[in-house]
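A short worksheet on the structure shown next.
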Amino acid sequence: ADFFFSSSGLIGRSWAMVFAAGGFRVKLYDIAQEQLTTALENIRKQMKEMEMSGVLKGALSAEQQLALISVCTDLKAAVEGATFIQECTPENLELKKKIFGQLDLIVGDSVILSSSTSCLLPSKLFTGLKHVKQCIVSHPVNPPYFVPLVEIVPHPETDPSTTERTYALMKKIGQSPVKLNREIEGFVLNRLQYAVISEAWRLVGEGVISPTDLDLVMSDGLGMRYAFIGPLETMHLNAEGVSSYCERYAEGMKLVLNTFGPVPEFSGETVQKVNQALSEKIPVVPKVLDARRKWRDECLTGLAKLKTQMKSD
(Lines of atoms letter the chains of each structure in order from A and count residues from 1; the text may use other names and numbers.)
(Lines give C-alpha, C1' and ligand atoms only; values in the text may rest on other atoms or scores of the structure.)
Protein backbone atom coordinates (compact mmCIF):
# COMPACT_ATOMS: atom_id res chain seq x y z
CA ALA A 1 0.00 0.00 0.00
CA ASP A 2 1.09 3.54 -0.59
CA PHE A 3 1.17 6.41 1.84
CA PHE A 4 1.86 10.01 1.32
CA PHE A 5 2.78 12.67 3.80
CA SER A 6 2.48 16.33 3.27
CA SER A 7 5.32 18.35 4.73
CA SER A 8 8.83 17.28 5.45
CA GLY A 9 9.04 18.99 8.84
CA LEU A 10 9.74 17.24 12.12
CA ILE A 11 6.31 15.60 12.50
CA GLY A 12 6.17 14.62 8.81
CA ARG A 13 9.57 12.93 9.11
CA SER A 14 8.50 11.08 12.26
CA TRP A 15 5.32 9.84 10.58
CA ALA A 16 7.33 8.73 7.54
CA MET A 17 9.63 6.71 9.81
CA VAL A 18 6.72 5.16 11.71
CA PHE A 19 4.98 4.09 8.48
CA ALA A 20 8.17 2.80 6.88
CA ALA A 21 8.83 0.77 10.05
CA GLY A 22 5.39 -0.76 9.47
CA GLY A 23 6.49 -1.79 5.98
CA PHE A 24 4.47 0.80 4.05
CA ARG A 25 5.64 2.82 1.08
CA VAL A 26 5.83 6.50 1.91
CA LYS A 27 5.99 9.60 -0.23
CA LEU A 28 7.14 12.77 1.45
CA TYR A 29 5.77 15.88 -0.19
CA ASP A 30 7.03 19.44 0.05
CA ILE A 31 7.08 22.38 -2.34
CA ALA A 32 10.82 22.87 -1.75
CA GLN A 33 13.21 20.21 -3.03
CA GLU A 34 15.96 21.20 -0.56
CA GLN A 35 13.55 20.64 2.34
CA LEU A 36 13.00 17.11 1.07
CA THR A 37 16.71 16.43 0.62
CA THR A 38 17.37 17.59 4.20
CA ALA A 39 14.45 15.48 5.47
CA LEU A 40 15.78 12.34 3.80
CA GLU A 41 19.32 12.90 5.13
CA ASN A 42 17.87 13.43 8.56
CA ILE A 43 15.74 10.27 8.41
CA ARG A 44 18.71 8.24 7.18
CA LYS A 45 20.90 9.50 10.01
CA GLN A 46 18.25 8.79 12.66
CA MET A 47 17.45 5.32 11.35
CA LYS A 48 21.12 4.35 11.16
CA GLU A 49 21.70 5.59 14.73
CA MET A 50 18.68 3.68 16.00
CA GLU A 51 19.73 0.54 14.18
CA MET A 52 23.17 0.79 15.77
CA SER A 53 21.70 1.12 19.25
CA GLY A 54 19.12 -1.62 18.65
CA VAL A 55 15.99 0.52 18.98
CA LEU A 56 14.90 0.66 15.33
CA LYS A 57 11.21 -0.20 15.05
CA GLY A 58 9.79 -2.83 12.74
CA ALA A 59 11.06 -6.05 11.19
CA LEU A 60 12.97 -4.41 8.32
CA SER A 61 16.54 -3.11 8.33
CA ALA A 62 17.26 0.62 8.16
CA GLU A 63 18.21 0.28 4.47
CA GLN A 64 14.99 -1.60 3.67
CA GLN A 65 12.95 1.03 5.48
CA LEU A 66 14.77 3.88 3.75
CA ALA A 67 14.06 2.24 0.39
CA LEU A 68 10.33 2.60 1.13
CA ILE A 69 10.55 6.38 1.43
CA SER A 70 10.56 8.58 -1.66
CA VAL A 71 10.09 12.32 -2.13
CA CYS A 72 7.97 14.47 -4.40
CA THR A 73 7.44 18.20 -5.07
CA ASP A 74 4.33 17.72 -7.20
CA LEU A 75 1.14 17.34 -5.13
CA LYS A 76 -0.78 15.46 -7.81
CA ALA A 77 2.02 12.95 -8.38
CA ALA A 78 2.53 12.62 -4.63
CA VAL A 79 -1.04 11.50 -3.92
CA GLU A 80 -1.35 9.14 -6.85
CA GLY A 81 -2.13 5.63 -5.60
CA ALA A 82 -2.14 6.74 -1.96
CA THR A 83 -4.60 5.09 0.41
CA PHE A 84 -3.84 7.39 3.31
CA ILE A 85 -2.68 11.00 3.35
CA GLN A 86 -1.21 12.48 6.53
CA GLU A 87 -0.92 16.27 6.42
CA CYS A 88 1.80 17.77 8.61
CA THR A 89 2.02 21.44 7.64
CA PRO A 90 2.56 24.09 10.37
CA GLU A 91 -0.28 24.76 12.83
CA ASN A 92 -1.97 27.46 10.76
CA LEU A 93 -5.66 27.17 9.90
CA GLU A 94 -5.52 29.03 6.58
CA LEU A 95 -2.53 27.03 5.37
CA LYS A 96 -4.11 23.71 6.34
CA LYS A 97 -7.45 24.65 4.78
CA LYS A 98 -5.63 25.58 1.59
CA ILE A 99 -3.86 22.21 1.34
CA PHE A 100 -7.06 20.27 2.11
CA GLY A 101 -8.85 22.38 -0.50
CA GLN A 102 -6.21 21.38 -3.06
CA LEU A 103 -6.35 17.72 -2.03
CA ASP A 104 -10.15 17.76 -2.19
CA LEU A 105 -9.96 18.50 -5.92
CA ILE A 106 -7.52 15.72 -6.81
CA VAL A 107 -8.29 12.71 -4.61
CA GLY A 108 -10.73 9.86 -5.21
CA ASP A 109 -13.45 8.56 -2.94
CA SER A 110 -11.51 5.94 -1.03
CA VAL A 111 -8.38 7.71 0.27
CA ILE A 112 -8.35 8.94 3.88
CA LEU A 113 -7.38 12.60 4.40
CA SER A 114 -5.84 12.91 7.83
CA SER A 115 -4.39 15.92 9.66
CA SER A 116 -1.71 15.97 12.36
CA THR A 117 -3.14 19.12 13.93
CA SER A 118 -2.81 19.35 17.70
CA CYS A 119 -5.44 22.01 18.33
CA LEU A 120 -7.50 22.85 15.24
CA LEU A 121 -10.96 21.31 15.35
CA PRO A 122 -12.04 19.06 12.46
CA SER A 123 -15.13 21.26 11.94
CA LYS A 124 -12.82 24.23 11.31
CA LEU A 125 -10.53 22.25 9.00
CA PHE A 126 -12.83 20.12 6.87
CA THR A 127 -16.26 21.76 6.67
CA GLY A 128 -17.37 22.34 3.08
CA LEU A 129 -15.03 19.80 1.50
CA LYS A 130 -16.52 17.41 -1.05
CA HIS A 131 -14.64 14.55 0.61
CA VAL A 132 -15.48 15.53 4.19
CA LYS A 133 -16.63 11.94 4.94
CA GLN A 134 -13.03 10.83 4.35
CA CYS A 135 -11.49 13.48 6.60
CA ILE A 136 -10.17 12.93 10.12
CA VAL A 137 -7.63 14.27 12.61
CA SER A 138 -4.86 11.87 13.69
CA HIS A 139 -2.97 13.82 16.33
CA PRO A 140 0.36 12.24 17.32
CA VAL A 141 2.34 13.01 20.46
CA ASN A 142 5.79 14.50 20.17
CA PRO A 143 8.05 12.60 19.44
CA PRO A 144 5.68 10.15 17.67
CA TYR A 145 8.40 7.60 17.04
CA PHE A 146 8.82 6.96 20.77
CA VAL A 147 5.41 7.97 22.14
CA PRO A 148 2.80 5.79 20.43
CA LEU A 149 -0.44 7.59 21.27
CA VAL A 150 -2.53 8.91 18.36
CA GLU A 151 -5.78 10.80 19.05
CA ILE A 152 -8.32 10.10 16.30
CA VAL A 153 -10.89 12.88 16.11
CA PRO A 154 -13.77 12.82 13.60
CA HIS A 155 -15.54 15.72 11.90
CA PRO A 156 -19.32 15.58 12.59
CA GLU A 157 -19.70 14.28 9.00
CA THR A 158 -16.77 11.83 9.03
CA ASP A 159 -17.91 8.39 7.90
CA PRO A 160 -17.55 5.77 10.69
CA SER A 161 -15.58 3.59 8.26
CA THR A 162 -12.96 6.38 7.97
CA THR A 163 -12.51 6.29 11.74
CA GLU A 164 -12.35 2.48 11.79
CA ARG A 165 -9.83 2.28 8.96
CA THR A 166 -7.62 4.96 10.52
CA TYR A 167 -7.76 3.19 13.88
CA ALA A 168 -6.85 -0.17 12.32
CA LEU A 169 -3.99 1.37 10.35
CA MET A 170 -2.51 3.09 13.43
CA LYS A 171 -2.66 -0.21 15.30
CA LYS A 172 -1.00 -1.97 12.39
CA ILE A 173 2.00 0.38 12.41
CA GLY A 174 2.44 -0.09 16.17
CA GLN A 175 0.95 3.18 17.43
CA SER A 176 -1.69 3.30 20.21
CA PRO A 177 -4.78 4.93 18.71
CA VAL A 178 -7.63 6.29 20.83
CA LYS A 179 -11.00 7.32 19.41
CA LEU A 180 -12.77 10.51 20.44
CA ASN A 181 -16.51 10.20 19.89
CA ARG A 182 -16.76 13.89 19.04
CA GLU A 183 -14.49 16.89 18.71
CA ILE A 184 -13.67 19.06 21.72
CA GLU A 185 -11.23 21.95 22.23
CA GLY A 186 -7.74 20.60 22.98
CA PHE A 187 -8.83 17.00 22.31
CA VAL A 188 -8.05 14.79 25.33
CA LEU A 189 -4.29 14.69 25.83
CA ASN A 190 -3.95 18.47 25.99
CA ARG A 191 -7.00 18.87 28.21
CA LEU A 192 -5.40 16.50 30.73
CA GLN A 193 -2.01 18.15 30.28
CA TYR A 194 -3.44 21.65 30.79
CA ALA A 195 -5.29 20.55 33.93
CA VAL A 196 -1.95 19.37 35.36
CA ILE A 197 -0.05 22.47 34.16
CA SER A 198 -2.73 24.72 35.59
CA GLU A 199 -2.58 23.28 39.11
CA ALA A 200 1.24 23.02 38.95
CA TRP A 201 1.36 26.71 38.06
CA ARG A 202 -0.93 27.69 40.94
CA LEU A 203 1.04 25.65 43.49
CA VAL A 204 4.34 27.21 42.41
CA GLY A 205 2.78 30.68 42.10
CA GLU A 206 1.36 30.48 45.61
CA GLY A 207 4.74 29.48 47.00
CA VAL A 208 3.61 26.03 48.13
CA ILE A 209 6.51 24.26 46.40
CA SER A 210 9.54 25.09 44.26
CA PRO A 211 9.37 24.57 40.48
CA THR A 212 12.00 21.80 40.54
CA ASP A 213 10.28 19.96 43.37
CA LEU A 214 6.93 20.28 41.58
CA ASP A 215 8.42 18.47 38.57
CA LEU A 216 9.76 15.74 40.86
CA VAL A 217 6.25 15.09 42.19
CA MET A 218 5.33 14.10 38.64
CA SER A 219 8.53 12.42 37.40
CA ASP A 220 9.23 10.41 40.57
CA GLY A 221 5.63 10.12 41.77
CA LEU A 222 2.48 10.26 39.68
CA GLY A 223 4.30 9.90 36.37
CA MET A 224 5.81 6.53 37.28
CA ARG A 225 2.34 5.14 37.79
CA TYR A 226 0.92 6.92 34.75
CA ALA A 227 3.60 5.45 32.49
CA PHE A 228 1.70 2.17 32.73
CA ILE A 229 -1.84 2.84 33.94
CA GLY A 230 -4.21 5.79 33.66
CA PRO A 231 -6.00 7.78 36.36
CA LEU A 232 -9.18 5.69 36.16
CA GLU A 233 -7.41 2.35 36.57
CA THR A 234 -5.40 3.94 39.38
CA MET A 235 -8.70 4.63 41.19
CA HIS A 236 -9.85 1.08 40.52
CA LEU A 237 -6.69 -0.45 42.00
CA ASN A 238 -6.39 1.98 44.92
CA ALA A 239 -9.65 0.65 46.40
CA GLU A 240 -11.81 -2.39 45.80
CA GLY A 241 -12.78 -1.05 42.39
CA VAL A 242 -14.01 2.35 41.18
CA SER A 243 -17.33 2.29 43.07
CA SER A 244 -15.57 1.67 46.37
CA TYR A 245 -13.00 4.39 45.55
CA CYS A 246 -15.79 6.92 44.99
CA GLU A 247 -17.58 5.90 48.17
CA ARG A 248 -14.39 6.24 50.12
CA TYR A 249 -12.78 9.34 48.60
CA ALA A 250 -15.45 11.41 46.83
CA GLU A 251 -15.96 13.82 49.73
CA GLY A 252 -12.24 14.37 50.21
CA MET A 253 -11.70 14.88 46.48
CA LYS A 254 -14.49 17.44 46.22
CA LEU A 255 -13.13 19.27 49.25
CA VAL A 256 -9.72 19.59 47.60
CA LEU A 257 -11.07 20.32 44.11
CA ASN A 258 -13.17 23.18 45.47
CA THR A 259 -9.99 24.90 46.66
CA PHE A 260 -8.53 25.06 43.12
CA GLY A 261 -8.04 28.63 41.97
CA PRO A 262 -9.13 30.23 38.69
CA VAL A 263 -7.35 29.60 35.36
CA PRO A 264 -3.88 31.19 35.69
CA GLU A 265 -2.73 34.03 33.43
CA PHE A 266 0.65 32.38 32.73
CA SER A 267 2.31 35.77 32.92
CA GLY A 268 4.11 38.01 35.41
CA GLU A 269 5.97 36.83 38.50
CA THR A 270 5.29 33.11 38.23
CA VAL A 271 6.74 33.00 34.70
CA GLN A 272 9.96 34.58 36.00
CA LYS A 273 10.08 32.24 38.99
CA VAL A 274 9.54 29.07 36.93
CA ASN A 275 11.77 30.26 34.10
CA GLN A 276 14.61 31.06 36.47
CA ALA A 277 14.44 27.69 38.22
CA LEU A 278 14.36 25.75 34.97
CA SER A 279 17.03 27.85 33.30
CA GLU A 280 19.37 27.13 36.23
CA LYS A 281 18.74 23.42 35.73
CA ILE A 282 18.76 23.53 31.91
CA PRO A 283 20.23 26.76 30.48
CA VAL A 284 18.29 28.12 27.50
CA VAL A 285 21.06 27.55 24.98
CA PRO A 286 20.30 25.55 21.80
CA LYS A 287 23.13 23.10 22.48
CA VAL A 288 22.03 22.39 26.05
CA LEU A 289 18.33 22.17 25.17
CA ASP A 290 19.06 19.78 22.30
CA ALA A 291 21.21 17.58 24.52
CA ARG A 292 18.42 17.45 27.10
CA ARG A 293 15.83 16.61 24.41
CA LYS A 294 18.09 13.85 23.15
CA TRP A 295 18.35 12.52 26.71
CA ARG A 296 14.54 12.71 27.03
CA ASP A 297 14.14 10.71 23.81
CA GLU A 298 16.62 8.10 25.04
CA CYS A 299 14.60 7.79 28.26
CA LEU A 300 11.40 7.40 26.22
CA THR A 301 13.06 4.76 24.04
CA GLY A 302 14.07 2.80 27.13
CA LEU A 303 10.60 3.16 28.60
CA ALA A 304 8.96 2.05 25.35
CA LYS A 305 11.18 -1.05 25.35
CA LEU A 306 10.31 -1.79 28.96
CA LYS A 307 6.56 -1.35 28.29
CA THR A 308 6.72 -3.77 25.34
CA GLN A 309 8.55 -6.27 27.53
CA MET A 310 6.04 -5.86 30.39
CA LYS A 311 3.14 -6.41 27.97
CA SER A 312 4.63 -9.61 26.54
CA ASP A 313 5.33 -10.94 30.06
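Note that Cβ sites are derived from N, Cα and C of the backbone, with glycine treated the same way.
Features of the protein shown, as given by TrEMBL:
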| type | residues | note |
| --- | --- | --- |
| DOMAIN | 8-181 | domain '3-hydroxyacyl-CoA dehydrogenase NAD binding' |
| DOMAIN | 186-251 | domain '3-hydroxyacyl-CoA dehydrogenase C-terminal' |
| SITE | H139 | site 'Important for catalytic activity' |
Report task. Give me the mean pLDDT over the domain '3-hydroxyacyl-CoA dehydrogenase NAD binding' (8-181), rounded to a whole number. Result -> 95
Report summary line: Taking DSSP helix as H, G and I and strand as E and B, the domain '3-hydroxyacyl-CoA dehydrogenase C-terminal' (186-251) has 50 helix, 0 strand, 16 coil
